Structure formats: C-alpha cells, structure tokens
Amino acid sequence: MHGVTTTTSVTDFETDDTTNQRRATRSVGLSGSSHEITSLLSYDTRGNLIKRASSYTGSGLSPVGTHTTEYEYDNHGNQTTERDTSYSPARGNSYVYDNELQQFVTQETKWGGSITLTTTHQIGYGSAFGVPTTTTDPNGNKSYFEYDHFGRLVRTSSDTDVGTLTTASYSYDSSFPLSAKTTFVTGTGDPDFVSRTYTDGMGRNIYTVKSASNGNFAITGRLVYDTTGKLVRKGQSSWASSGEIDRFVLHLEEKNPTSFEYDPIGRIKKTILPLAQGETSPVVVTTAYNSAFETTETHSTGTSKRTVKNASGEVLYVEDFSSDGTGAKIGFCYDIAGNRTKKSDLNDSSLMSCPNPSAGVPTKDVSGRNQTYWSYDAFGKLKAQSDPDLGVSSYNYNAFGDLTSTTNAKGVTTTFTYDGVGRILTKNIPEGNIEYTYDSFSGSENALGRLVRIEDSNQNKTFSYDKLGRVKKETRVILATTEGNPLPSETAGPYITETRYDLLGRVTRIDYPEHPISHGRMRACYNYGTAGYISGLSVQVNTNGIFPGYCNKDIVENITYNEFGQTSSLTLGNGITTSYGYDVKGRMVRLNSSGDVGGSNKVLQDVLYAFNPNNNITNVANHSTDFNTQFVYDYDGLGRLTSANGSYIEPFNSNFTQRFQQSFVYAKNGNLSSKRFHDPLSGNISDVWSYQYTNHQVTNIDSSKSGADALTMSYDANGNLTRQRDNVKDLTKRISIDSQDRITQIQDGNNAILGSYWYDESGFRIRKSSLEPKNNVFSNVEILYPSKFFGLEFIESENVISSVNNVYLNGVRIAALNEAGALAYYLTDQVDSVSTVLDDEGNTLSLMQYLPYGDTFVQRGDLNFSPKFNSQELDRESGFYFFNARFYDPGIARFTSADTVIDGELDTQGWNRFSYVKGNPIGAKDPTGHCSTLSTVPCKTQLELGGGGVPPVGRPGSSSGGGNSAGLGAAATGLLANLLGSKDDKPSLPDKPRSTSATPSEAKDMSKAGLDPLNKSDVKNFLDKGNKSGVTHGGNSGTNNKVNNIPNAGGVIRKFTQKEDDYYYRVFSGDNITGGFLTKKAPKSSAWAQEALSLPPGNKANFIQKVLVPKGTELTRSRATPVPEWGRMRGGAEQFELRSKISPKNFSKGEPLP
C-alpha cells in the first residue's frame, strides 16, 4: 500500500537596502523529512549570486559533504567563472565575452587542476544577430556558420582532414505552406541527403519529403488535425516525384492511415491501426481512464495493460493480462525525493509494502517475489542495492558525486580515480588496474578533450581522431598472448584498424589489421545511396600488395530500400539476390534469396511469414531448391512461445527428413517452468523438463524420462553460473568467473581445461583458448580478436597462424574472408540466425536450422562456421553462445549470468535477468546480451556501425559497457576449415608487389577476369584484347581510338539488364573523349564530373545529354576510382556503360555544363 506523501519547501528572502533587490538567502528542500537539504546563498554588492552551499540537514540517510559552487562576474554582470569547490582540486568553467557589446561568449574553458580545454567563438553582429559564425574546438579545428538576413542558419562548414568542407545547407520558402529544405552533404561521390518539411500556419508539420532509394523521393505520411489541433489521422510514407521536394502536394493521399480518437478533455481514447493482409478487422487499442491516476490500455486482440501512477507521475503498479487468463503484475515504491526504493512481483495477490528509506537495504530476497531494494544518499546517489539475482552491492562517492568504489555481493571491491575535470583515470580491480589517458599520446591526433589510451592487464589500445572527432585509427596490443598456452610473440601486435567517414559520420572505409606474419591486410569500402543508407560494400584483400586503395571485390551491392527505409533487396558478391517483402504494418512477410549457381537458377531460401494480431509469428514456410521447412508456433497472452513444431525435408533425398515438436509453460515472472518434448508424428509427450528456481536462477531440472535432477546448476553470490552438472550424460562444467562477472575458464569434471577466455576493459573478448576437434583429433586452438572485424587462429599442432576478416552490414556479419581472399557469405533469417553459408560461386557450404531457443535442429555440410543462432558465436567446448555481454545456454534457454541492464522497467517480463528475449525467440533477438528487441525494431542499446568514435567511458562498475567493439553483432571471428582451406587450391595474391606493366585500374580489371596482372602473358593478352576482362573502354557512340587507349577508371564491374525504360546522363567534352560512360544522377558541374568520374586531364566534360535506356539493354555498373596517372581525383561516382546498342534517337541534344 502507498500512503499519502506531503512535501514542504521553505525559502528565506532578504531585501537589499541599496538596490531594493529581493533575493533568496536560504532554501530548504523536503523540509522536516529525512531527505531535507538546506542551501545557503551569498551575493556580492551588485546582487550577483557568488556562492551556493548545499548540505544535508535531515537525519537517517548516509552522510554527505557540503556541495559548494562559487561564481565570479565581470563589471558588466556577466558570469565569468563557475567553480565547484566541493572537493580538491576545484573544477569548473570560465567564460570570456566579446569586446564590442560585452554580452556574447567568445571563449569558454573547462578546467580542473592542471587541465584546461578551451573552445572559442567568433560572433556575427549583422545577419547572425550575435550568434557564433566560427567556433574553434580545443584542437584548433573550426566550424563555420552562415545566416540569412533573418538570422536563420543557411550553411554549416567544418575543418576536415582534407580541408574545409560544407557539411549542410538550409533554405527557406516563404510561400504558403511554409517549408524549409535541408541538404546534408556527404563530401564523397555518394549523393547528398535532402529533405524538405512543410508546416501549416500553426507551426505543425504537414509532411516531409526526403531523398530515398535509387534516386527516388519519399514523402512521409500526411498528418491530419481536427479543429482543436489534435492529430486525428497519420498516414504512412509513400513514393514521391522529384518535383515534390520543392512543390507542395495539396491533396496528398492518405496511405494506410492510423486513426486517433479523443475524450472530451483531449486524451487519446482509441487508436485504430491499418488493416494488414489476412486480417478481417483492424486492431483497435482502447485506453480507459479509470481515474486521474489509473489507465487501462486494451487491444482488440485480447491483451491489456493497466498502469497506476501517483500524483508525481511515478508508476506504482503495472499489470499485464490477457483474455486467455495469463497475466503478471509488478509494483514500485519511491522515497519522498522521488527515488525508486523497491520493486516487487505481485503475482501472489499480496499487497505492496514500502520500506523505510532510512533503513538501508535488506539481505537478498529469496521469497520468490523477486524484490529489489535501493537506498540513496541525501543527494540522490545510489548507495546500496539488494537484488534477487545480483545480490547486495554498495557504492561510495567523493564530494563531486563521482563514484569512487563499488563492492559487489561477492565482497569484491572496485575503486576509481578521476582527473581534474572528472574523467576516469583508473579502475582498480583484482585482476589489475585499468588506466585511461586523455588529451595527448604519441601518434594520437586531435586528442585534446578525448580518450587516447586504455591499458589493462590483457591489452592496451590507443586512439587517434579526425578533425571532426571520430576515431580514425585504433591500435591494439594484446598482452594476454603470454598467458595459458603462450602464443608466438608476433601475435601480440600491434594491430591497427583505420576508419574513414563521410561528412555525415557514416563509415566509408575500414582498413583491417594486418596479418602478423604475412602482413596481408584487407580494406572494406562502404557506398551510400540517395536514401542515406548503405548501397554497396566491397573489399580489397592484401592492400600491401600491388592494389593499394582499391576495393575490387563486391561483397554486397545494389541494396535498395522501400519508402519506409526498410531493406527491399540486395545482391551478394556471388550473384545471389535477396529480396524482402513487408505488409502495411512493416512486418517482414517474405524473404527470398536466389540466383545463378552453376549455370541454373537456384532458390536458396523463399520464406513466407504469417502473424497473429499481436504481431507474433505463427507460421514460417520455406521452399528452396535443396530443402523445404515448415514451422508452426503458438503463444500465450503475454507473447511467450507456448508451442512449436517443425519439419525439414530434402525433396531429392528421401532418406533425410527431420521433425520436432516442443511446448513450453512459463511462470508469471517470466521463468520457463517446463519444457515438453513431443513425438512429432503423434503429438504424444515423450519427456517433460520441470524447472526449479531460486528467484530467476534455475537450480534443478527434473526429467519425466530420466528422473529428478537431470541437470543441476550452482551460482555465485553475483548470479553467475559456476557449475552445471548433466547427470544423464555424466558431464560436468566448472566455470570460473572474474571480478567483472565474465567467464574466464571452463573445466570438466576431472578439472581438465576445456576453454579459457580473456577480455579487454569493456568486456570485448580478445582471446579464446579451447580444445577442439581438428582432423578427428582434439587440438589446442587459440583464437585472437584484435577487433570485431579481424581474428587470428593458431592451431598449436600445426604451428600455423591463419586469419579471417569479418564483414558487417548494419551490425550483422554478412561475410568472412581469409588472407587469400576465399569467401563465405551468410544468409540470415528474421532474427539474424545464419541459415545458409555460401561460397563465392553461390555453392552451399553449410545449411542450418534451429529449435526455437537456439539448439541445432539441422546442420548439413561444414560444422565449423562460427556465427549461428542470432549470428552469435557458439563455443563448442561449452555449448554456450557468446552474446558479447554474457553467455547463453540454448539447451536450457537461459543466460548463464544475470543481466546488469533491466530490459524494460515497466514490462512485467523485463525484470527477469536470466530469461531469453522475454519468451519470444521466434520474433525477437538480443544483439548485445542486454536487450531483447523485435526483429523490426532496433535495440536502443545497440551500437550501429557507421557512427565511429570511442563511446564515453560509461558508469564505472559496468562489466560490459560497450567499448569500441562490443555490442556490434557477433564479436568473434569465424575461423573456418573450408574457408581457410589449402592455399594451393585457392587463388591468392602475392604478399609483396612485383613490377608489372599494367596500371592499377587495369590490374583490378584483370583480377576480376581471373587474369594475373603479374604474369606478362596475361598482361599482353589483356591489353591486346581488352574485352577478355568483360570491360570495354569505349561507349555506344562517339567511340574512337583515343578512348580505347585511356585506362579504365571504373571500380567494381557488374553486368546487369535494364528492367524498365529509364533515363541516364552522359557527360562529354568537345572531342567526345568520355565515350559512353553514363551516370544516374545529373552532374552538378563540369568540375564535379571531372573529379567524381575521374576523367582524363584536359577533359572539361562541359556538355551533358540525357539518354533514354530502353528495357532489356545490357549495361555494366562500376564506381569511378582515381587513376594515378591523371593526378589526384576523388572518384567515387557511380557510372554505367552500354553493352548493347540503342538508337541514336535516344540521345538528347547536348547542353552546356556550368
């Protein structure tokens, strides 16, 4: 029960006799309570506040020191210094103002101790109306701002590593309806991103038009308001014409609108969703306001959620219930200051009881109600926590409020120190200190104000930044190579990962670490389309050889997106195309991968998905050339999987058919209560696993077939699995845990080491040592992870170091290459589980299907590919999946350690720290080990490839705070036997360059044609018969000998057939030197075409003509790359070349280019 809370605040005032100023001198917050805080305020003779001292004057809470802030002013009354003197040395900020008007800040400095970080501003007094026109950061890099006569921003520019570049431009239209257009500049050959937002006379958005996939435009759904200004309908996005970016569409069609209804006082009472295919009636969400503090949200699908709040808006109760009888309830308590002090399950109908805030936290709750308690100091800092899974922990702080120590339930204390401005310097743990360095380190550029080095007992990393503050170089040295089974000294590193970005912060290039022996290295290049998303990804293996700087091998290309920004299709480098279909609710309903394999079309997967009204997947049917699968699922009212049955049939192999049937029962708190195994033909139950728990930790699993205690589990005080015993198989796992709750070693029942693991400071696994079967013999296998992109495998018995380069698309591993360039491509399903592995010719290397919670259902072909369920790495020595933040056991469908992050604090299922994706493994995934998310919704804690930079050092005490590598899909490399293979039967490039008469661009084309650019005979044949490479150097019209003698400036070549009539553009000069190279986007200027298309010197490309390319025309697509002989040109523009003739009538009259 929650009682009535009354809060009192008291403020004393005085009136200055000289200035007649009335001002506060004393303020008491939460007066008369245990949380009372008194603040004393002092002023100078001019009435400026010069000191605020806040201290705890209540009783019963942990004592805290006085928090004191002092202020200084100039003669104009401007605040010049803000100083926190609560602790020593003092820290604060100082400000300098302009000389003209003495009111605008021209310099701001953050300081503490001997550290000063200064940012300066140049003020514009005319059109800028006193706002900065230039800002200079502590490293001397400038940002520039331009304004129109109304003081509106029209252009931003910044210093970059290649000079000062425009980053964005803005324009405004005064005609009705008002609109503003934004152009974000990429700074590369990729198209800029453009959007325009229209608003009505009341300043409300009507819709936005923005650039979309394939040069198209998308228009966001129309927003319709009623006469009182409330939104009553919201349409979905649709395609727009290019002209609509600058022209308002008066009668915009409402596409699949969502409707809203309101009660008389303006609260939403009903939401009606669009009708999806297969639905007979729309889903309606009704909100009932039972009182001023209680609401019930009811879905027409039969699920409801009741929420009760207090007058302060704090949630007291949450109840989920359904028409099928399932339900769960949780409750919360708060202290008078608004800090949450308790959470409890309320599934046994007992009443909520709130603790005395002054009593601290009790011992770990074992009542089964999963009660968590928190206590705080007077300033609201967490002092202690009692968690049913994590145990009791405590926290201490300095007078600034910086965390100085934590002690966990095992009694392990971690301490922290800070520099003068409050940045963490050391984290002291039993395994050794972790040290952080800022502002300066050898080789680190643009370092002021940034983290430049991290050192711990296992590794060290250094960072260098570009002028826009993004990490462009990470250097890692692995120290853990000398522990356990020592590795060759060369494997310590250094390992250098270099990253380049465009002006939007998107990754455009990654140079992977080099092999420590051969020094071979890989480069990945990312291209972006008009939608702003990745349009293609290519690589270059062995960049220390003769092809530096070129990405000549497509990994994925032609990535297209629908009007909602969802991926529509993509083509892998082996020619396999994957297409995605969605319904009006944005749910993926079809997934197809097919293409030419061995001269005939092959369907790798053709998956159809069906959903129930609660958006849960109920049916998955896959019909491919090699196999057919059918899965049927059912759920309870809380969206948890209750039954699953499936079949796998190979139509051309009648001897191989697999089936399964399982069912599941859950407790109200999310614990899996029982797992039933059925005979898939009769449906009869063959075995029942009954789970026994302490809170959320499963301790025993009884089997109706094998008897009691079929499996037993033990945990330490922090909730980490330390022992697992399978009495049926007579197998034991003894698990060692470090102070940061990470598995460091797994032993069997005889204490033989099965696996050992090492991590960096963020929890990213940098080394794995295990016993694995190799050539039918168990060998010690060592795997190093210098980065998430690159791994090394050392097999002790073979004394060979092999490498694998992982390639990611949107955070999911899509391919892997070894140092010789041998490729494996991964096809994934709706939750990113790898279903098929292909080679570079499209041949299937491995097929995989999974049981609902990740156990292997079917695996055909090679067993060694690393990414599997959820694209995570399976450790075969333990049977656990490594989910980055922690490990997962698919056999029992539970994580092996408690989550340190609550996955939805207002979700009755979100407080179960061991459950997997809240019981819905068919439609949800967990990319980081911290967050379950539906396959169509990004996890808010997930880091996306493309942002770059080192995340700020998070809250100390977190064992897996992210880091530069953790949390971005699978952190491990797939070191695969058939991928690495024998170097004798796979093409490879030499490690060292040799002389060749072929230009770099010609060498690229030769490589694609299967020719050796270092072989004189191949070079001669290529130069004499250029068409052998599949590349023609001339065009469809105006081709002359001069053109044929020009080296090809094209990048990756790909043939295709025009699917429908479409327009291209052709640029040329007076002598027609550019032949038939076409572009999809009209060049902005002659200079732009010169550089972006890498045209020869002297060719000004001063004419442009429009070309109608009919359906059925054969073309090649490439990306222009710089030709060294022609000077430094940025290249990067997409270009096309006709490979079949079209009528001269299709070429418009040439027009001059500016």
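Every residue gets a Cβ built from N, Cα and C, even glycine.
TrEMBL labels come from automatic prediction, so no person has curated them.
When DSSP labels each residue, the compositional bias 'Low complexity' (1-12) comes out as 0 helix, 3 strand, 9 coil, counted as helix, strand and coil in that order. Residues or ranges marked as compositional bias 'Low complexity' in TrEMBL: 1-12.
Listed as Cβ neighbours of the region 'Disordered' (1-31) (distance under 8 Å, sequence separation of 6 or more from its ends, same chain) are residues 37-43, 45-47, 57-58, 310, 316, 333, 336-337, 351-354. Among the features that TrEMBL reports, region 'Disordered' is placed at 1-31 (among others).
Look at TrEMBL and you will find 57-68 tagged as compositional bias 'Polar residues'. As a summary of secondary structure, the compositional bias 'Polar residues' (57-68) carries 0 helix, 3 strand, 9 coil according to DSSP.
The region 'Disordered' annotation in TrEMBL covers 57-89 (among others).
Cβ atoms under 8 Å from those of the compositional bias 'Basic and acidic residues' (69-85) belong to residues 44, 46, 48-53, 91-97, 102-103, 400 of the same chain, restricted to positions at least 6 beyond its ends. What TrEMBL records for 69-85 (among others) is compositional bias 'Basic and acidic residues'.
Note on the domain 'Teneurin-like YD-shell' (657-769): its mean pLDDT in the predicted model is 97. Sequence annotations record features per position, and here TrEMBL assigns domain 'Teneurin-like YD-shell' to 657-769.
TrEMBL lists 943-966 (among others) with the feature region 'Disordered'.
Taken from TrEMBL, the feature region 'Disordered' applies to 981-1043 (among others).
Annotation comment: TrEMBL describes 982-994 (among others) as compositional bias 'Basic and acidic residues'.
The compositional bias 'Basic and acidic residues' annotation in TrEMBL covers 1015-1027 (among others).
Sequence annotations record features per position, and here TrEMBL assigns region 'Disordered' to 1115-1154 (among others).
Away from its own ends, the compositional bias 'Polar residues' (57-68) comes close to residues 28, 30, 33-38, 51, 84-87, 357-358, 375-379, 381, 383, 399, 401 of its chain (Cβ-Cβ under 8 Å, at least six residues beyond either end). Counting residues per DSSP class in helix, strand and coil order gives 0 helix, 74 strand, 39 coil for the domain 'Teneurin-like YD-shell' (657-769).
Taking H, G and I as helix, E and B as strand and the rest as coil, DSSP gives the compositional bias 'Basic and acidic residues' (69-85) the counts 0 helix, 11 strand, 6 coil.
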